[in-house]
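These notes are about the structure you will find just below.
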């Protein structure tokens, strides 16, 4: 899906896109750079694309919530194709959003948002060099490559990054889907709040998957386009970047948790329901970070009470 970086940068430069700014950071529950902690009411999913009319004040834009469910191969070809398409329509800042950790039995779900400024994209691509082409769905990358690209993404000029952690207790209270949507919303909210370069300038949000937090327009404004893209982490460059940030942040969190509870070996399986993990849960019982609403943990607790 990627094209030659030099030709891409040249085309972008000819489009008069210029400037630079260092990407932003925030803090996580584990003391690292991360997004805001989820505290607001649960979001609801948008089942399909929908449009809401914006106020008729010039220049008029429509609030659009759309879903793309196409084939695995992206229809726009080339590096940053979705972003460039949005910039060509006059969008100033584009944000990609993704999550990591929906399936594990232990630990938080982590969402990340990566913003790209139209005027500063050439500077970001120039800084990243060949690494810009390597940015892809985090599931396609090994741990070492994810860590390397993470450091490049968070330090790139013209890219702005935020993260949000939703803990196991909240997941149990509102379910994993709502927790994921809340995390996505809060990551974008943190990004908009923490970075003056982004505030009031987000015109387009790309979200991985087929669900959209219903209150996302309240975060980015009624005129911004909010678009879900099925398989977006393999199609939309800024979503791919967000997928790497979310995955690395969560993996680091699980390694810290492993140091506190080594008997579960969380640093290896990252909380997924492996045979080794299940044996440890049966032997030692669940900890606070285990998701008690998930069937395997429910089964263990029921078994333990007998």
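Glycine too: its Cβ is placed from the backbone N, Cα and C atoms.
Of the listed candidates (172, 186, 203, 208), TrEMBL assigns 208 to the same divalent metal cation site as 98, 99.
A simple way to gauge crowding: the CB of residue 99 (divalent metal cation binding site) has 26 other CB atoms within 10 angstroms, across all the protein chains here.
For the binding-site residues shown (98, 208), fewest C-beta neighbours within 10 angstroms: 208.
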